[in-house]
């Protein structure tokens, strides 16, 4: 079942990305001299608030006579891209010097709007032949010490430097003329003549290398040193931890096995102690088993989703500024892997002798998607109130609902039916007694919350250096392309999570506490809570984000991502603990 689903996902993704590569109007990117080359204005927004972006013409720039909107793929819309024809004409190898775009009289309201944008460090983004370009719309002159003496200026002259190789565009740089300024300090109408200059230069850079400059920033020696330091730090942590745990557990378990074997030979009526004492309770099914099975199903689906995303990243699908490819992949893969969630949740629920498998299936479908949907509704309402490009159009919401209705739900149900019919039995090496033993009083540090704090800290310490770069990429303008390093860090995270959960499960059983099912899941997933705590640190100490919209987007969507991490790593922790518990109880004689 799972192998077939994996094949379907791979084939669907290959078809999707073959059809969904974002292209400009000239699909082959070859031009003759004087040919029009597509230039689209995308968005404007405060530099420090990456989620708070607006349509380019929300600011009173020169509007072309015929405003042409570009049709966008699902991923581009989710990414907040709204491409429209720009007012500049950059024909292939056609130079222009101080060409007038338009002469415009800015009213007092327009001046105030531009000034507010300059104060917030607004930047603009465009795409020329699918190459991204950025620039700031103005500057603040802070010569006076008092803010009331600051002067605000709008750039009115843009210079485009374009490099070509034979009949292809290779590179474009944009700069603003620091001498051509419009004073916006006072609330009064002003006449502005917007200008642009175009210069063409030849280069030997081949066309297939033209995107390399965008990914080089994350591959600079200085950054690579930090990434490798992060990995070496994580590897040392893992080696020390695994070596330490393996040594302790092997020695302790060996002593336990010898002791229990000796006890059986010497005195049959001797009272048992330690983890063997609770062999009749250790495989007693957990409370809220429907919720537990649903969490395992959702966690397995999210783990599969993450693995597929890494596969696509490593084969080069997510090159820089392939607009919306990651969002498209997330939506499609999540929809196609919902069958895995249904299968795992229902089969495990039936193994735990659950009877209401339909309710369990509904819970599985809503466990992650429910909070995500509610968060999306709230944040989309905020974006609509701000009139930002992050607000999804009605048509896109309909498409997502259709994907959910026609793909995700049917696959979830099919997976659930397959799981119910799998007829697998829970493999327990020991029989469970009729009545549970009483758990002895335990010190405070053996409680669930202290154990979760211990379990989450070690995996988090192995990934926190890399977290900064991921946050700076997702919630900033830094480019992240070193997916191989990220994949190694992900593997380290899984290993540390599995080992620390196994160790804590052993110490819990040794203290004769047999309620390990939920504890192992919570300990494994607690790294997600640490990542959310890091969000608070990043927001206040490492970023300049501000405003209600950006703050709500950052903490809202990070809450959903950390919830996903909690479910995924909780599943990894429980599976590792289950393997370990089965192994140790198979190694002793259980009456």
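Note that Cβ sites are derived from N, Cα and C of the backbone, with glycine treated the same way.
Unlike curated records, TrEMBL annotations are generated automatically.
Residues or ranges marked as signal peptide by TrEMBL: 1-24.
With a threshold of 8 Å between CB atoms, the same-chain residues lying at least 6 positions outside the transmembrane segment (226-249) that come near it are 458, 461-463, 465-466, 469, 482, 485, 488-489, 492, 495-496, 499-500, 502-503, 506. Feature annotation from TrEMBL assigns transmembrane segment to 226-249 (among others).
Residues or ranges marked as transmembrane segment in TrEMBL: 291-319 (among others).
Annotation comment: TrEMBL describes 325-349 (among others) as transmembrane segment. Sequence-distant neighbours of the transmembrane segment (325-349) (same chain, 6+ residues past either end, Cβ-Cβ under 8 Å): 1-2, 5, 8-9, 12-13, 16-17, 20, 22, 73-75, 78-79, 289-290, 293-294, 296-298, 300-301, 304-305, 308-309, 312, 317-318, 357, 360-361, 363-365, 400, 403-404, 407-409, 411-420, 422, 424.
Under 8 Å from some Cβ of the transmembrane segment (361-386) lie the Cβ atoms of residues 52, 290-291, 293-295, 297-298, 301-302, 338, 341-342, 345-346, 392, 397, 404, 408-409, 412-413, 416, 548-549, 552-553, 556-557, 559-560, 563-564, 567, all in the same chain and six or more residues away from its ends. Look at TrEMBL and you will find 361-386 (among others) tagged as transmembrane segment.
The annotation transmembrane segment is assigned in TrEMBL to 392-414 (among others).
Under the heading transmembrane segment, TrEMBL lists 452-471 (among others). Beyond the transmembrane segment (452-471), the same-chain residues lying 6 or more positions past its ends with a Cβ under 8 Å from any Cβ of the stretch are 218, 223, 226-227, 229-230, 233-234, 237-238, 241, 478, 480, 485-486, 489, 492-493, 496-497, 500-501, 504, 522-524, 526-531, 534, 538, 542-543, 569, 573.
What TrEMBL records for 483-509 (among others) is transmembrane segment.
Feature annotation from TrEMBL assigns transmembrane segment to 521-541 (among others).
According to TrEMBL, the transmembrane segment annotation covers 553-581 (among others).
Panel annotation: around the transmembrane segment (553-581), residues 51-52, 282-283, 295-296, 298-300, 302-303, 306, 367-368, 371-372, 375, 378-379, 382-383, 390, 455, 459, 475, 493-494, 497-502, 505-506, 509, 516-517, 520-529, 531-532, 535, 539, 545 of the same chain, lying at least six beyond its termini, place a Cβ under 8 Å from a Cβ of the stretch.
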